[in-house]
Amino acid sequence: MASPLFLCILLVVFGSYLSTISAVGNGKQSFVVVSTRSFQTQDVCSTSRSTVAPRPNGAAVPLVHRHGPCAKSPSTDKPSSFVEALRRSRVRADYVMSTMQMQDQEEGEVSIPAHLGTFVDSQEYVVTLGLGTPAVEQVLLLDTGSDLSWVQCAPCNSSDCYLQKDPLFDPRKSSTYAPIPCGSDVCKILQSDHHLNNGCSMNGNGTQSQCGYRVEYGGGSKTSGVYSNEALTLAPGVIIKDFHFGCGYKQGGPNDKFDGLLGLGRAPESLPVQTSALYGGSFSHCLPSVSSGTGFLALGAPSNTSGFSFTPMTHFMDDATSYLVKLTGISVGGKQLRIPRKVFEGGLIVDCGNIISHLPTTPYAKLQSAFRGAMAAYPLIPSDDGDTCYNFTGYSNVTVPKVALTFTGGVTVDLDVPNGLLLDGCLAFAESGPDDYVGFLGNVQMRTLEMLYDVWGGRLGFRAAAC
């Protein structure tokens, strides 16, 4: 018969084991054993997991990672390491923070930012759409932090346009192209935003004719040209007539050979607002867990939203573009972290163009500490910046804690394990600034979730395991 001491030790060990595999309260697993191969991108495109919620009057297009094998024209640069992803994300976040600080100044002292728009080089997901008649395929970066869509247009020499793999869109070859006239209502709306207004071009007789646009992004990239009207093909037989976009004849900065950008913000120039009469201003996207997978971008609301959990959504301060939600709590390994709710008051900007999520000081420190404690079995790579990165060399499997984010209304979202948490072996979160500052929900944490932006309803929906 076993001794009482042995039985006591056995109970302690078994109890510790149970606490590792069981969640608190809901009976779900709070730790997940994953193969280290699940961190790696495969060489073959996989399309089997995407499940678009049915839409009676909507449209959906495939969405892929620009570095992955599913991309029509894979990006020429290398996928971001964690260090590079963090740098790009911080540049993008710093732009928004600088805007907030300027808006906090006394009235009359607010100046226009030196760099306008967001940081284009942090965007990672693309869709392929058709522009013009006949339709010419264009691979466009997806960005919820931008409104105006644009492509490079011919004729354009190498000093004014960067090289791209796909042919430039040539408006002279399209039967449905038309520049938007200066003085038109559409041009006046564009010009009311001094960030986008680029005046008007002149006819040969000295009269103003075409509406100009310009966008300068936080990373130094910029584009300018003619604000134009064209047919946009989402899928065979699904054509958006009179789509307004920028026909770019002059680009500059560290662009990455993409064809252009698709703006999904909430200002009048964005695709969701332009198509609101057709699709009600709603849209959703699902970002795949790895770059060898596929997701989707869908316009319109699903016929049945019972599979979604919704939290209230608004915009950030006076920014007409952004989508803002309120975080109220974080759990790691099934355990709710003790974080005062007041430190979340700044909210989170939902930003698919930002790679890594950013949290204020206290939530970030609590999350980092709890995650490190749960991952104590694995060697931590020393970091001068205090990042949380692991060396998984020699491990075929690793045990990773679930991390859940809770939003206003009690909506709790489990992040994908491991690809919604780890990037290049590192915890894909960073610090945004002091408590109550605005944070960012980045695209790593959005992976596998269908994110439904019900703009007119003022809510954001989450549906798990959608791609």
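Residue 1 is the first one shown; counting continues down the chain.
Yeah, the Cβs are placed from backbone N, Cα and C, and that goes for glycine too.
Please treat TrEMBL annotations as automatic predictions, because they have not gone through curation.
As written in TrEMBL, here are the features:
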ACT_SITE  D143  active site
ACT_SITE  D351  active site
DOMAIN    125-463  domain 'Peptidase A1'
SIGNAL    1-23  signal peptide
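Distance from the CA of D143 (active site) to the CA of D351 (active site) is 8 Å.
The average pLDDT computed for the domain 'Peptidase A1' (125-463) is 92.
Here the Cβ of D143 (active site) has 28 other Cβ atoms within 10 Å, regardless of which shown protein chain they belong to.
Neighbour density for D351 (active site): within 10 A of its CB lie 27 other CB atoms from the protein chains shown.
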